[in-house]
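A short worksheet on the structure shown next.
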Amino acid sequence: MARGRIRARLRRSHLYTFSCLRPSAAEEGPHSIEGPGYSRIVHCNQPLMHNKKPFKYRSNYISTTKYNFVTFLPKALYEQFHRVANLYFLGTAIISVTPLSPFSAVSMIAPLAFVVGLSMAKEALEDWRRFMQDMKVNTRKVKVHKEDGIFGNKTWQKVQVGDVVKVEKDQFFPADLLLLSSSYEDGICYVETMNLDGETNLKVKRALEVTLSLDEDEAFKNFTGTITCEDPNPSLYTFVGNFEYDRQVYALDPSQILLRDSKLRNTTFVYGIAIFAGHDSKVMQNATKSPSKRSRIERKMDYIIYVLFSLLLMISLISSIGFAVKTKFYMPDWWYLQPQHTDDYYNPEKPVLSGVSHLVTALVLYGYLIPISLYVSIEVVKVLQASFINQDIQMYDEETGNPAQARTSNLNEELGQVDTILSDKTGTLTCNQMDFLKCSIAGTAYGVCSSEVELAAAQQMAIDLEDQDAERSTGSRQKGKQQEIELETVVTSRDEKDHKSPIKGFSFEDSRIMKGNWLREPNADVIMLFFRILAICHTAIPELNEETGSYTYEAESPDEGAFLVAAREFGFEFFKRTQSGVFVRERYSVAGQPIDREFKILNMLEFTSKRKRMTVIVRDEDGQILLLCKGADSIIFDRLSKNGRLYEEDTNKHLNEYGEAGLRTLALAYRKLEESEYSAWNNEFQKAKTSIGADRETLLENVAEMMERDLILIGATAVEDKLQKGVPQCIDKLAQAGLKIWVLTGDKMETAINIGYACSLLRQGMKQICITANSSDAKETLSLFVTVQVVKENILMQITNASQMIKLENDPHAAFALIIDGKTLAYALEDDMKQQFLGLAVDCASVICCRVSPKQKALVTRLVKEGTGKTTLAIGDGANDVGMIQEADIGVGISGVEGMQAVMASDFSVAQFRFLERLLVVHGHWCYKRIAQMVCYFFYKNIAFGLTLFYFEAFTGFSGQSVYDDWYMLLFNVVLTSLPVISLGVFEQDVSSEVCLQFPALYQQGPRNLFFDWYRILGWMGNGLYSSLIIFFLNIIIFYDQAFRSGGQTADMAALGTTMFTCIIWALNCQIALTMSHFTWIQHLFIWGSIGTWYLFLFVYGMLSPTISGNAYQILVEALAPAPIYWSATLLVTVACNLPYMAHICFQRCFHPMDHHIIQEIKYYKKDVEDQRMWSRERSKARQKTKIGFTARVDAKIRQLRGKLQRKHTSLEMHSPVTPS
Amino acid sequence: MSSNTPSSSAGGVGSADAAAPRRNSKRPKYSKFTQQELPACKPILTPRWVISAFLLVSIVFIPIGVVSLFASRDVVEIIDRYETACVPQNFSNDKVSFIQSAVDKTCNRTLTVKKLMKQPIYVYYQLDNFYQNHRRYVKSRSDSQLKDNSSWNDVSSCKPEDMSNDQPIVPCGLIAWSLFNDTYNFSLNNQQLAVNKKDISWKSDRDKKFGKDVFPKNFQNGTLIGGNRLDPSVPLSEQEDLIVWMRTAALPTFRKLYGKIERDLQPNEVIQVTLLNNYNTYSFNGKKKLVLSTTSWLGGKNDFLGIAYLTVGGLCFFLALSFTVVYLVKPRQLGDPSYLSWNRNPAGH
């Protein structure tokens, strides 16, 4: 606590040049606020005022649920019967209670109730989870001013607009607040907005000067004020309002607004007034309604259902017309039906009426064409598939203890059809942890550890070289060997390091400069300066960890933290910051004793994304004034003095290497200043600092520029933005599987590009297309409208130029990367430009969008989804990814991090990005094939069965009589054919999971939709039609009129129906056995068990009293089983039904084998074990030709090496005639 | 097996504050089932399998086909269509009025035996264009009434032939009401040929479905007389014509067993048939046939089954042959990686 107060007294604004110490308030007048959109008035500290009429602002209670207790039933029912098929089944259920029904009412209503009930229960459960999540947020506690300066705890939902709220360190803001004061006396506070935009560096918010005095509880006793501001809107970065206090009006801007869901950091407490509460807050306004998602297959299934519906309608019409005709013209002659004594249904006098009523009957009778059980089965199968995903131990993360989770089960098969992955960066690809890895000092590279990318690339390269060796000449083999050895050392060094307990943020290793050894290096003074820059040139605050006695640092960005940790490890421990100085304890000095040194800070020119550099001017203990600068290499190199370029060439080389290895680099430089030179400049600077007016910043920048020149280069640092475990490998595999990966991040462009390198989305030699809008130039001179026009034209031109460039490129290996920032994206996403933008983006191998808002993430996702018509998957971890996750066809959330918003909005959650590979390539692939085959089979099955009913109809004068017993019909879908098809949907594997992972190219069968295209669906339907014809007519002819057994009896309807049904059961189950390629005992049990069940049922049913079993009484035992013709008919029909399919698959495998066929064969003959070389060669060939991922990078490298080799060869050839002579 | 799968999906994410002891509980339990690694047989269609499967089918099917065909050929059948011939000349233009009139319906037919017919020789009547499978017809019966005397008034399903003179009809319904009533008398060389009408129905029907204590009651007493009358003193279980008739046929053309002739008929023997042509098939232009047939182990005369077996067997043999030829002429080495899509079509994707 004591430390907190000391820090609080620090006027941090003194350290800053740009953002703070701005001449206060009076510089610009209040905004003129009037008109629509600016109607909100908030009476501060008088929340009760807002309960009355003109205000009535929304409370801070939030609800993201779809239903509540009252609306659940009607709304959920409506959702359910929104499905055409369900509506149809509802219709049949209603008909079934009337005498028109050919079946009993229970057999129609029960399955419908089951399906609808199951789906509704699922909905209810999901909504309940959402509700619990909301409640957790709503019941969080926060301190709110009650009265007389007393603050008390209130739940978030009770916070009202106008309340004065006190938020403490590391708490979330309960609503959008106006910052009044903070624990710092100049009223600044640090805010982490990760949940809003994914950015992890802290943002500085600053209170108005007039409210600074309100920094303790008592001060709010009589505090009043009025805020007039804009209405609730989703824009996170704008705010317009006025604050009336003490009869003065002050202008408010976004820097005083603390947004809900962001977090207070590095600040003990703040006071604020709630302006927007609950759903009015900006983050909630950003939330998009969570849409209910359906998979591509399911949507296509609807079309098939329509086709079947038309078929159903057609045959129903045919039979009702047939019935009407028969009734009108023939029935009067059928005296045995007593046509004169009929009700309306069979009345020959009213053929139209009987025809219409028969239509209803027929629609129910042929309902077997529309498989209601399909929905039940699919639901069951998907739940089981989802549980397999949940149970997959290889997607379980030991560190966080989270398994993968399928949160909705209806998108499983969609996982197998993904085309584009849109990924968040921070927390998804990276851990947001910087590791100091390498440095280059005075032209010497230090640091032997390699980055994860390098490591992974090295491994890959080793594998590749092995293959290449076989093909290459012996000469180059040596080279390969050499490289391998090199790589091996890299690998082993990494392994050793893992055994030590690593220091967070520091993975550096080099004995030359560690533990004070740098003193013995040739350029020791330069090295010392290098470390000093690391220890001094920053804005962090040290914090003593009392347990270990070492210091930790609270830095604005993780890079800075890494530098400080590095400096500490090198022996330059920054331990104290005062108003004017930085204290550094140097452990390894020339004297050999630790020395505490103080550096007086004279000026600090801090980092902005525009300047891309940071400078401090310090006076050391000898009185020497030093300018220390760190910044982007290009910026620093431009500002070097003539004699400061000693190490430029070497450093540049190292920088390139680091860049290629995916590291973030900064160059370090210094300059010695003369006292007079400095004071002259300082005067200028102070003048600029206190100047008033719009050009103040420009002025300051210019002054800063004057000083930051003639620098002397010292070296460069390389920091690894630590990727999540396995990310490069995963990206590589996904790229090999043919997936496109886009990165959407709220981060800065440079950071994003660095990460692009780190995960091999970008590489050296890739042509980067940066599209930016330089709006700043135009802003001043032109009016707003014209500016927009000009900027848009400019962007459009950039896009068309880039597209042109890609078209004209004729190198097949050329790869392009598109990098675009949020501002530009805002224009590019407008209707008139988005097609061009999309066209360009699709042509590029990788796309990186930086500085994008959550809304823009969602918009980009929608653009890709709708523009390309392909399946998109969005993955992210933060609240800022929610929009994108909801918008994409599949949303994946990273679980195990703080906020659960992304996971709550997602369809699947995994603990780490790397699990995406298994989720897609294994589970997605399997689920897609399973569902596709299952649905196809379902249609086959129901067509084969349903049509036999229709044919029989034609033989009964279209009277609506079914040849099968009611019980057979009921059991058909429920018992006799359901389990095998479920086992197909749950357990089928074309190839094992290892093979899926080894051959990512197999995944392409999904996006290309090889298993659910119309060709295949129609094929299956045709097969169904064929089977129905075979089953029906063969049986009819076999049992035509003669005796069916030696006893002389002829077959009646029951005998014929039962035989036909036996044939169906056999044919369908044999068909599914042919379809499967993976039989565990479960499949065997289900398939052969289904057939056995049928006989068992028939036996038991025959034993029941004849009043129940009717004509089926003892049918198996007495009539059919002793009759050889029954068995021979079964055998004949079963074989005849499956013959064409069998021939088809034999033919296909023989002449057009698909990839998984070949791989199955290789596995079957264990060729992969015998001929491992072939196996690994195929594995490397099986990659999709990609331009991203480190495989592509390695390829590029190999091409480059080959090119060099060739050149060398040719040059050797040129030289060789010379050498002998 | 499925008991191994803990239902971790239920609570999982809702509780974010996973404490340390809960961590382990979230870890999926390993079992071969949950990891989808159950031992499995993965048969694939290798050429050997394909050819032997087709060959096997043809080897099984062709003999079956031959045997069935022989069985069917062994059956001797005499079919006599008589519905036109048995209408006197003067009624030939209005057969319906003939059948509805009270004229004597006796008709004499002669049948010549072509081949030796071994006993038992089954006598069938065959009707045509008769929709015994019509929904209205099929439903019009009461199984409980037939079975049990106590539910004799259970006639709700029998409309319109349920009540007559306000009394329930036993047996009720259209099926019973329209019972076939042509009768046949056979004589060979002026000697009566006995027709055994016992055991022509299914045994279970006699024993269980038609009660021994159920007697026809109030049957054919209404204004509309359908078909045959029943002897009220004989229980239903012994009314075998009715029992046979009540097994409704599946198709509009059907044969029903009339009786058995239990002696051999020699070739060229001439059988005199005296039949009573009572049943009205003229309204709906139905044919009537008298069929004398022997049976084989496979049943009656039907070449189709044998032909179908031969066809399928032949087809399979052909397929086996052609696949063999293909594999001999243009073999594809199994598991040959050069057939993988990325090898076949390097420019693809």
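All positions are counted from 1 along the displayed chain.
For all residues, glycine too, the Cβ spot is worked out from N, Cα and C.
Taken from TrEMBL, the feature active site, 4-aspartylphosphate intermediate covers A:Asp424.
DSSP assigns A:Asp424 (active site, 4-aspartylphosphate intermediate) to coil in the three-state reduction, placing it in neither a helix nor a strand. TrEMBL lists A:Asp424, A:Lys425, A:Thr426, A:Glu560, A:Phe607, A:Lys630, A:Arg664, A:Thr745, A:Gly746, A:Asp747, A:Arg851, A:Lys857, A:Asn880, A:Asp881 with the feature ATP binding site.
Taken from TrEMBL, the feature Mg(2+) binding site covers A:Asp424, A:Thr426, A:Asp877, A:Asp881. According to DSSP, A:Asp877 (Mg(2+) binding site) is assigned to coil rather than to any helix or strand.
Annotation source TrEMBL lists domain 'P-type ATPase N-terminal' at A:42-109.
Annotated domain 'P-type ATPase C-terminal' per TrEMBL: A:903-1153, in sequence order.
Residues 84-85, 88, 351-352, 354-356, 358-359, 362-363, 366-367, 369-370, 935, 939, 942-943, 947, 950, 953-954, 957-960, 1017, 1021 of the same chain, all 6+ positions outside the transmembrane segment (A:303-325), place their C-beta atoms under 8 angstroms from a C-beta of that stretch. Marked as transmembrane segment by TrEMBL: A:303-325 (among others).
Residues annotated as transmembrane segment in TrEMBL: A:356-378 (among others).
Same-chain neighbours of the transmembrane segment (A:938-955): 304, 308, 315, 319, 322, 362, 365-371, 373-374, 377, 961-964, 972, 977, 981, 1017, 1020-1021, 1023-1025, 1027-1029, 1031-1033, 1036, 1060, 1064, 1067-1068, 1071, 1137, counting only residues six or more beyond its ends whose CB sits under 8 Å from a CB of the stretch. Residues or ranges marked as transmembrane segment in TrEMBL: A:938-955 (among others).
Within the chain carrying the transmembrane segment (A:967-987), a Cβ under 8 angstroms from the stretch's Cβ atoms is held by residues 103, 107, 111, 368, 371-373, 377-378, 380-381, 384-385, 388, 930-931, 933-934, 937-938, 941, 945, 1057-1058, 1061, 1064-1065, 1068-1069, 1072-1073, 1075-1076, 1078, 1080, 1082-1083, 1086-1087, 1089-1090, 1093-1094, 1097, 1101, 1112, all 6 or more beyond its ends. Among the features that TrEMBL reports, transmembrane segment is placed at A:967-987 (among others).
The transmembrane segment annotation in TrEMBL covers A:1017-1040 (among others). For the transmembrane segment (A:1017-1040), the residues of the chain that approach it from at least six positions outside its boundaries are 304, 307, 936-937, 939-948, 951-952, 955, 1051, 1055-1056, 1059-1060, 1063-1064, 1067-1068, 1071, 1125, 1129, 1132-1133, 1136-1137, 1140-1141, judged by C-beta separation under 8 angstroms.
TrEMBL lists A:1052-1073 (among others) with the feature transmembrane segment.
Counting only same-chain residues 6+ beyond the ends of the transmembrane segment (A:1085-1104), those with a CB under 8 A from a CB of the stretch are 967, 971, 975-977, 979-980, 982-983, 1058, 1061-1062, 1065-1066, 1069, 1072-1073, 1112-1118. The transmembrane segment annotation in TrEMBL covers A:1085-1104 (among others).
What TrEMBL lists as transmembrane segment is A:1124-1147 (among others). Residues of the same chain lying 6 or more positions beyond the ends of the transmembrane segment (A:1124-1147) and with a Cβ under 8 Å from any Cβ of it are 944, 1023, 1026-1027, 1030-1031, 1034-1035, 1038-1039, 1044-1045, 1059, 1062-1063, 1066-1067, 1070-1071, 1074.
Put simply, A:Asp877 (Mg(2+) binding site) is 16 Å from A:Arg851 (ATP binding site) when counted between their Cα atoms.
Annotation for the binding-site residues A:Thr426, A:Asn880: lowest Cβ count within 10 Å of the residue's own Cβ, A:Thr426.
Recorded residues A:Asp881 (Mg(2+) binding site) and A:Asp424 (active site, 4-aspartylphosphate intermediate) have their alpha carbons 7 Å apart, per Cα-Cα distance. If you look at the transmembrane segment (A:1052-1073), the same-chain residues 6 or more away from its ends with a CB under 8 A from one of its CBs are 937, 940-941, 944-945, 948, 962-965, 968, 972, 976-977, 980-981, 984, 1023, 1027, 1030-1032, 1034-1036, 1039, 1044, 1079, 1083, 1087-1088, 1090-1091, 1094, 1098, 1110-1112, 1115-1116, 1119-1120, 1126, 1129-1130, 1133-1134, 1137-1138, 1141. Across the structure, A:Gly746 (ATP binding site) and A:Asp424 (active site, 4-aspartylphosphate intermediate) place their CA atoms 8 angstrom apart. For the domain 'P-type ATPase N-terminal' (A:42-109), the model gives a mean pLDDT of 79. Secondary structure of the domain 'P-type ATPase N-terminal' (A:42-109) per DSSP (helix as H, G, I; strand as E, B; remaining residues coil): 32 helix, 3 strand, 33 coil.
In this structure the alpha carbons, written CA, of A:Asn880 (ATP binding site) and A:Asp424 (active site, 4-aspartylphosphate intermediate) are 9 Å apart. Packing around A:Gly746 (ATP binding site) is summarised by its Cβ count: 29 other Cβ atoms lie within 10 angstroms of its Cβ, all protein chains included. According to DSSP, A:Arg664 (ATP binding site) is assigned to a strand segment. The Cβ neighbour count for A:Asp877 (Mg(2+) binding site), using a 10 Å radius and every protein chain shown, is 31. If you take the Cα of A:Thr426 (ATP binding site) and the Cα of A:Asp877 (Mg(2+) binding site), they are about 8 angstrom apart, rounded to a whole number.
Relative to A:Asp424 (active site, 4-aspartylphosphate intermediate), the binding-site residues with Cα atoms inside 10 Å are A:Asp877, the candidates having been A:Phe607, A:Arg664, A:Asp877. Across the structure, A:Arg664 (ATP binding site) and A:Asp877 (Mg(2+) binding site) are spaced 23 Å apart at their Cα atoms.
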